[in-house]
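K.L.:
Look at Swiss-Prot and you will find Y155 tagged as active site, proton acceptor. Look at Swiss-Prot and you will find 9-33 tagged as NAD(+) binding site. Look at Swiss-Prot and you will find S142 tagged as substrate binding site, backed by similarity to another entry.
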Amino acid sequence: MRLEGEVALVTGGGAGLGRAIVDRYVAEGARVAVLDKSAAGLEALRKLHGDAIVGVEGDVRSLDSHREAVARCVEAFGKLDCLVGNAGVWDYLTQLVDIPDDLISEAFEEMFEVNVKGYILAAKAALPALYQSKGSAIFTVSNAGFYPGGGGVLYTAGKHAVIGLIKQLAHEWGPRIRVNGIAPGGILGSDLRGLKSLDLQDKSISTFPLDDMLKSVLPTGRAATAEEYAGAYVFFATRGDTVPLTGSVLNFDGGMGVRGLFEASLGAQLDKHFG
């Protein structure tokens, strides 16, 4: 088990990608604190993982919630080795022209409060404990941090901001604490929700036909599941194999950046020779 004896705190760990990260960390021997707004999601984790989990119901927009999560993590497990900032919201590809004038400020504030400020607050709260453990922080980005079209104008701007945050924190905290990011593409089974300010709070990205949308444009030929993405979070949290790794963002999106102009990939031609 690659995380035996390690302790992590995962924000947004009650569903979707966050839940897959928590499940995988526990399977790899870690003990995990989870900050999530869903009491039901936290209870499901507790029933499944028992004493390996500490659940904290709270709001990632609140520094007090983050501080409570860190305090309860350290109280239960004695330390904090790895912060995983993962909680987020989506804008359902909403273009600037489609955001009403009277809602644009509110929508901007909601997006950046959760997707950017939420990470900054998590980092602020976790810093003393991470300094003591000489640990690391991992932040979920998105392929929207690299390319247009993975979200609308608000989501894409926010994810680009997160990449800047990762690089700046890696600079400010090195060499005591490593800071990195992971940028998934479309995630099958994700429960990422929309902005309340745009009346999208009851929509989930899981309703999108992601596999049909992505299989023709990704060199891998399909979208990946949350469980398939979770392994990268294990690697980034390990100590022995990641000593030189800080300020990096893994573009972990099925090869979107290497697709061709006319075809996503040419691997099918290999079948003519070797199939």
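The backbone N, Cα and C atoms fix where each Cβ goes, and this holds for glycine too.
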K.L.:
Can you check what DSSP calls L9 (NAD(+) binding site), collapsed to helix, strand or coil?
P.N.:
strand
K.L.:
Using C-alpha atoms only, work out the spacing between S142 (substrate binding site) and Y155 (active site, proton acceptor) and round it to an integer in Å.
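P.N.:
Between the alpha carbons of S142 (substrate binding site) and Y155 (active site, proton acceptor) there are 9 Å.
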K.L.:
What is the total of other Cβ atoms whose distance to the Cβ of G13 (NAD(+) binding site) is within 10 Å?
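P.N.:
Summing over all protein chains shown, G13 (NAD(+) binding site) has 31 other Cβ atoms within 10 Å.
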K.L.:
Provide the number of Cβ atoms within 10 Å of the Cβ of G29 (NAD(+) binding site), excluding the reference atom itself.
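P.N.:
Around the Cβ of G29 (NAD(+) binding site), 13 other Cβ atoms lie within 10 Å.
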K.L.:
Rounded to an integer, what is the Cα-Cα distance in Å between Y155 (active site, proton acceptor) and L17 (NAD(+) binding site)?
P.N.:
17
K.L.:
Let's check the environment of Y25 (NAD(+) binding site): how many other CB atoms sit within 10 Å of its CB?
P.N.:
29
K.L.:
Which of L17, I21, A33 (the binding-site residues) has the most other Cβ atoms within 10 Å?
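P.N.:
Highest number of other Cβ atoms within 10 Å: I21.
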K.L.:
Between L9, S142, Y155, which of the recorded positions has the fewest other CB atoms within 10 angstroms in the structure shown?
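P.N.:
Sparsest of the recorded positions L9, S142, Y155 by Cβ contacts within 10 Å: Y155.
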